[in-house]
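What follows is a set of notes on a single structure, which appears directly below.
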Amino acid sequence: VMNLWPGVRLRVTEGWDEDGHHSEESLHYEGRAVDITTSDRDRNKYAMLARLAVEAAF
C-alpha cells in the first residue's frame, strides 16, 4: 500500500467478531478474516487493495 499510494495507510476495521455482525459462516468468528480499507477511504482503491491482498497470499 505504501509503495503504491504514498501517504495512504492500511486500516483494519475489524478482525475478530463476537457481536454477530457477520454472516453465520463468517471466518471472523474464528479470527481468520479481516475487514480492511485505506486511510483515505477512497473506494476507487478497493479493487487494487483486493488484488494486493491476494498477491500477498492474505
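Cβ atoms are placed via backbone N, Cα and C, with glycine included.
The shown structure was predicted, so the numbers you read here are calculated from the model rather than taken from an experiment.
Look at Swiss-Prot and you will find THR13, GLU14 tagged as Ca(2+) 1 binding site, backed by similarity to another entry. DSSP assigns GLU14 (Ca(2+) 1 binding site) to a strand in the three-state reduction. Counted within 10 Å of its Cβ, the other Cβ atoms near GLU14 (Ca(2+) 1 binding site) come to 13, all protein chains included.
For GLU14, ASP17, ASP19, the entry in Swiss-Prot reads Ca(2+) 2 binding site, with the evidence type similarity to another entry.
Following the DSSP three-state reduction, the secondary structure of HIS28 (Zn(2+) binding site) is helix. The Zn(2+) binding site annotation in Swiss-Prot covers HIS28, ASP35.
A coil conformation is recorded for ASP19 (Ca(2+) 2 binding site) in the three-state DSSP classification, outside any helix or strand. Among the binding-site residues ASP17, ASP19, ASP35, the residue whose Cβ has the fewest other Cβ atoms within 10 Å is ASP19. Counted over every protein chain shown, other Cβ atoms within 10 Å are most numerous around HIS28 among the binding-site residues THR13, HIS28. Taking the mean position of the Cβ atoms of GLU14, ASP17, ASP19 as the Ca(2+) 2 site, the remaining same-chain residues with a Cβ inside 8 Å of that point are TRP16, GLU18, GLY20, HIS21, HIS22, HIS28.
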